[in-house]
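Colleague: I'd like to ask some things about the structure below.
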Amino acid sequence: MSTHLRKLPGLLLCLLLALPAWYLGRLFPIIGAPVFAILLGMLLALFYGHRDKTKEGISFTSKCILQTAVVLLGFGLNLTQVMAVGMQSLPIIISTIATALLVAYGLQKWLRLDVNTATLVGVGSSICGGSAIAATAPVIKAKDDEVAKAISVIFLFNMLAALLFPSLGQLLGLSNEGFAIFAGTAVNDTSSVTATATAWDAIHHSNTLDGATIVKLTRTLAILPITLGLSLYRAKKEHDIVTEENFSLRKSFPRFILFFLLASLITTLMTSFGVSAEVFHSLKTLSKFFIVMAMAAIGLNTNLVKLIKTGGQAILLGAICWVAITLVSLAMQLSLGIW
């Protein structure tokens, strides 16, 4: 049997799990399809015994399909629009990202948490939830159970943010503009940002959704420097351990991240010539679906019992990152005169 045919059973299994997860994600956007995909994968893994037939396809989906999803994610980024609208929030975005990464790095040893999980929780909390985890996982060579743990943590605090932030914003007296920036900088995943801003708009009859989404997309750009930095750091560290040859910068660059940048540049260039952003809508949707497929594969490779037993430290780290980002976002708004 050829290599491609050997991958087919596992690929089809991930596809079959992704379809109901996608549907459930549309019904319950506060949770999101990737979380449903991981849950379905982990539940099936408890009873599924034909691993030899599907192993190659599951591995292909969790790696290659995931990287393809990140590349396609670039077609949702118009760099001109993001920078024009998101510049006001840039100091807040930089501050919240730096805060979460420093918290994750600083507390990793104290919590006795593995480096990869701490890194994924840090980037997921600070940049763009599941998409940032999807982009970072191949770069740091994270295991599937580490990815599942980080995604689960991000989901928990996404849900809490969507439920609590509209009331918190009202209690603090945030303006519509202030809440858009708050939701865009302090909520992790795009679907949760949408849910949070929509809840605010329903209460105040406003339109914060567009502003919050643009701020969120501006955060997404941080995928590039963060993943490239992590890639170079890891490659240099591994290089120093195994060899004394000169370090190659070109070989260390993750190609799929460069293709992500190229996709963003193509989108920006074509829209500047009058091409409608709707042209790229199907590619953006395909990117999201590929992420759901990859999360199903990761769920299939994750031991649910072990995840429950070892997830406490990751949840605590996620909670601290979440609170820190929330406080820094509000403090920066106060210092900049937005709030």
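Glycine is treated like the rest: Cβ placed from N, Cα and C.
In case it's useful when we look at the structure, here is the feature table from Swiss-Prot:
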- 7-24: transmembrane segment (TRANSMEM)
- 28-50: transmembrane segment (TRANSMEM)
- 57-79: transmembrane segment (TRANSMEM)
- 84-106: transmembrane segment (TRANSMEM)
- 118-140: transmembrane segment (TRANSMEM)
- 150-172: transmembrane segment (TRANSMEM)
- 256-275: transmembrane segment (TRANSMEM)
- 290-307: transmembrane segment (TRANSMEM)
- 314-336: transmembrane segment (TRANSMEM)
Colleague: Do any residues of this chain, six or more beyond the ends of the transmembrane segment (28-50), have a C-beta under 8 angstroms from a C-beta of it, and if so which?
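Modeller: Residues 14, 17-18, 20-22, 130, 148, 151-152, 155, 158-159, 162-163, 189, 191-192, 194-195, 288, 291-293, 295-304, 307 contact the transmembrane segment (28-50) from elsewhere in the chain.
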Colleague: Residues of the same chain, at least six outside the transmembrane segment (256-275), with any C-beta under 8 angstroms of its C-beta?
Modeller: 67-68, 70-81, 135, 138-139, 223-224, 227-228, 231
Colleague: How about long-range neighbours of the transmembrane segment (57-79): same chain, 6 or more residues beyond its ends, C-beta under 8 Å?
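Modeller: Cβ under 8 Å, 6 or more out: 6-14, 131, 134-135, 137-138, 144, 217, 220-221, 223, 256-257, 259-268, 271, 277, 280, 283-284, 286-288, 290-291, 293-294, 296-298, 300-301.
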Colleague: Counting only pairs at least 6 apart in sequence, do the transmembrane segment (7-24) and the transmembrane segment (290-307) share 3+ Cβ pairs under 8 Å?
Modeller: yes
Colleague: Most CB pairs under 8 Å with the transmembrane segment (84-106): which of 118-140, 150-172, 290-307, 314-336?
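Modeller: Counting Cβ pairs under 8 Å, the winner is 314-336.
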Colleague: Which sequence-distant residues neighbour the transmembrane segment (150-172)? Criterion: at least 6 residues beyond either end, Cβ under 8 Å.
Modeller: 30-32, 34-35, 38, 117, 120-121, 124-125, 129-130, 133, 142, 178-179, 182-183, 186-189, 191-192, 195-196, 199-200, 203, 295, 298, 307, 311, 314-315, 317-319, 322, 330, 339
